[in-house]
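Enquirer: The structure is given below, and queries will be raised subsequently.
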Amino acid sequence: MLSPYLDILPEIADALATGKPVVALESTIISHGMPYPQNVETARRVEQVVRDNGAVPATIAIIDGRLKVGLDAAALEALGKGGHAVTKCSRRDIPFVLAAKQMGATTVASTMIVAAMAGIRVFATGGIGGVHRGAPETFDISADLQELAHTGVAVVCAGAKSILDIGLTLEYLETQGVPVIGYQSEELPAFYTRESGFKVDYRLDTPAAIAEALRLKWALGLEGGAVVANPIPAEFAMPKADIDAAIQQALREADEQGIKGKASTPFLLARVCELTGGNSLAANIQLVLSNAALGARIAAAL
Ligand code: PSU
Ligand code: MN
């Protein structure tokens, strides 16, 4: 039984009913992850890349208090233009934004929730939330990690940004039983760069091999998601020193300005983007496109 709170675009509902591949896409990356108008342009290109690779895109957001699976052009534009004024919704926020009949941008966690409600198993994005640097003091651990522990959706991403503590993020995922798969990579990529210095749990080299592992996991009743880490294409990777310097400065400013809670990640993303000029944005766009293509191929193989 589908949730009465879901609105699924007819093309997506039809694909789900007939077993065609569908890839979920998130909306916080649109509102909070990139500046306007590149965010809206990228969201459209990502949807096209999913199609070009044989799947139907399903961008997820809350619009007028409804859970939307698939967005029309007006909704995409409103999310992109709204930017940081749009409510960023993780698991805890969903019912309140529905009750207020507002617009909400879904994070990795809440996009997984809505995707699972709709019966979508594969979700492509840029980067996941994780354990923040300083978390032993601040307790700032993204709800994305708990969602990966419980909700059966595979998240294709370019690893975790080094605004996070990547080592602690991997420890947390291990404790929660979430496998981290490297696509053609032994190492967990660090979003803008192909290397992080940390190993993935399993390297798999084809979408079919990833699909088979996921199929077995869920067939065995092992609940929860998986991280599929796809390194940014080499030609678009950034010099490590540039990105490290920007991240250090952004972290310092966040600390000085007392930025906390759900504001932390959007603040850091925006500052890193500003501090590196257009370079990090260009890399960000390319890695999302690459993840969308891989997500579509995994969904097709599932
Ligand atoms: N990391 C990125 N880009 C993003 C995000 C994280 O590199 O756009 C967004 C995603 O929507 C993710 C959210 O789910 O930030 C995590 O926020 P928090 O750390 O507050 O859980
Ligand atoms: Mn947080």
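Backbone N, Cα and C define each Cβ position, glycine as well.
From TrEMBL, for reference:
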type: ACT_SITE; residues: E26; note: active site, proton donor
type: BINDING; residues: K88, V108, S142, A143, D144; note: substrate binding site
type: BINDING; residues: D140; note: Mn(2+) binding site
type: ACT_SITE; residues: K161; note: active site, nucleophile
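Could you place these features in context, so I can see how deep they sit and what lies close by?
Expert: There are 27 other CB atoms within 10 A of the CB of E26 (active site, proton donor), with all protein chains counted.
Counted within 10 Å of its Cβ, the other Cβ atoms near S142 (substrate binding site) come to 25, all protein chains included.
In the three-state DSSP assignment, the secondary structure recorded for D140 (Mn(2+) binding site) is coil.
If you draw a 10 Å sphere around the CB of K161 (active site, nucleophile), it holds 26 other CB atoms from the protein chains shown.
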Enquirer: Highest Cβ count within 10 Å among the binding-site residues V108, A143: which residue is it?
Expert: V108
Enquirer: Below 8 Å Cβ to Cβ and six or more residues apart, same chain only. Which residues does that give for D140 (Mn(2+) binding site)?
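Expert: Listed in sequence order: V131, H132, G134, K260, G261, S264.
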Enquirer: Of K88, D144, the binding-site residues given in the record, which has the fewest other CB atoms within 10 A of its CB?
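Expert: The binding-site residues K88, D144 were compared, and K88 has the fewest Cβ atoms within 10 Å.
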Enquirer: Which binding-site residues (K88, V108, D144) fall within 10 Å of E26 (active site, proton donor) by Cα distance?
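Expert: Candidates kept after distance check: V108.
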Enquirer: Around the substrate site recorded as K88, V108, S142, A143, D144, what other same-chain residues have a C-beta within 8 angstroms of the site's C-beta center?
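Expert: Counting only non-site residues, the set is T28, S90, R91, T107, A109, S110, I128, G129, E147, T265.
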